[in-house]
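A.B. asks: Quick one: the structure is below, and I'll ask about it shortly.
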């Protein structure tokens, strides 16, 4: 912290004496900030949540060298590395860890890999998105490095000062990190929009380097094995990044009725979400759950049908830009956060909406 | 095999919390406290493992102030065999310290499985299980929605709730599991069991006895209310709703 203050003071003084462009301040006298991002990729591209992490990392300071770590193997990994290298000029390096053991998001080898890289790279920050991958790996790595991680950060006010929601978002807690390096953080992607991509970045592509894994295999044991992933096939936009989300609660009464919501989603080009009640009643699979313990979303338009508005659910969607609630019960708590409320039977309202809504562009 | 379950005493999930006027935290005096819902699920899973012959003993552990014994009594009433309370006094302990205390307990108790909730509903950290696993170098199965133990081969197959669906992994025992909501439906403690729980043992320990050094590497600067959304409007027809979304909110 102290060095940062001095750094700022010096920089400001220089700014006032000489025009900033005349003398680029020397990097070598000050300790550089460096950030390692645990990247996630799919089908040869960085996931949007990783781009949000890049966004968050760029707020740690201007002279921050940002490295993205990608793991796995095969052509997807190489493609993702190329994508990462040319995606934004703030990314200064892409680290590729090519190993079969990293193909699947197992916490044990990943945490050991982070440990290995920290020993080599001495990063000031290690961050990832608060995805199921980040939440699984980062705290384990932090414990191995003997530092406290800070999860689900929604705002970085200044370096080492973070805001995060507690009590299902009913309070916001500002914490100052006072420990040793690295400062380890997971960020809520909906609070950090991915950086806008400037044109013609191909020329300034970041270097890609392979991580030397020769010492890695001895350290990491095969105490866990990945067996399979069962995912829901869908051509809908991903819940985490959708511009519009339509959500159903217990009020939909059956899995059959959820198809009504699917139709509406199709018309709007929206993703479908659900409350815990709807998931527990087996109307929809659990990866659609929005809430404190499910997915946290912040779309432009959130439409809740037959959702009462329990605090655990509100925690997952209260940052949506426009909230619409359709419910039979005028006293449902959801109406307290809704921008537009309609007290009506959803079985009449949804078909009417489907009929009258304009076709998506 | 022994199973250790970590349980936390938190503000009851149904309570609408209030931020203290001095912004130092959330009001917790004179507020209903209960066992963290995810911890109940963790305990229920341990009890089921014991009932299926997978474990011989279930030990509940809680770390915190004196009142944690109430939470442990609940755990004993649900069916835990005995309990350990690590009394840290009125201070708040954060996940790294909790993980170090749990490591010390695991080293003393030598369980085959340590089960925790995936997160506490007060700090919403979602860290402790992963951190104990890292400290112990044990494999971890986080956000579990299904656990199958194979005693002969000493492995646990865990189905996990991940962003894109359900992932199945296989862990060598000893291992750490953190529970998601859909793992099971916790049982209620019956009155006879509540009475019986009173005669079960709660062992008291201090951090000094466990030889754990508590340190905190962050400080809470302030706790504030989240921004309030401005009051919305109630529309009377679907047409009016579509009109407002188009012409007022400009989201369609």
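Glycine residues also receive a Cβ, built from the backbone N, Cα and C atoms like all the rest.
Take a look at what TrEMBL says about it:
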- A:35-220: domain 'Electron transfer flavoprotein alpha/beta-subunit N-terminal' (DOMAIN)
- A:250, A:275-276, A:289-293, A:306-313, A:327: FAD binding site (BINDING)
A.B. asks: Among the binding-site residues listed here, A:250, A:313, whose Cβ has the fewest other Cβ atoms inside 10 Å?
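C.D. replies: Sparsest of the binding-site residues A:250, A:313 by Cβ contacts within 10 Å: A:250.
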A.B. asks: Validating a neighbour-count step here. Other CB atoms within 10 A of the CB of residue A:292 (FAD binding site): how many?
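C.D. replies: A count of 23.
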A.B. asks: Tell me which of the binding-site residues A:307, A:310 sits in the most Cβ-dense spot, judged by other Cβ atoms within 10 Å.
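C.D. replies: Output for this query is A:307.
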A.B. asks: What are the sequence-distant neighbours of residue A:289 (FAD binding site), meaning same chain, six or more residues apart, C-beta distance under 8 angstroms?
C.D. replies: A:273, A:274, A:275, A:276, A:279, A:295
A.B. asks: When C-beta separations to chain B are restricted to under 8 angstroms, which of the binding-site residues A:250, A:292, A:307, A:313 qualify?
C.D. replies: A:292
A.B. asks: On the 0 to 100 pLDDT scale, where does the domain 'Electron transfer flavoprotein alpha/beta-subunit N-terminal' (A:35-220) sit on average?
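C.D. replies: Summarising the domain 'Electron transfer flavoprotein alpha/beta-subunit N-terminal' (A:35-220) by its mean pLDDT gives 91.
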A.B. asks: Work out the three-state DSSP category of residue A:313 (FAD binding site).
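C.D. replies: Going by the DSSP assignment, residue A:313 (FAD binding site) falls within a helical segment, counted as helix.
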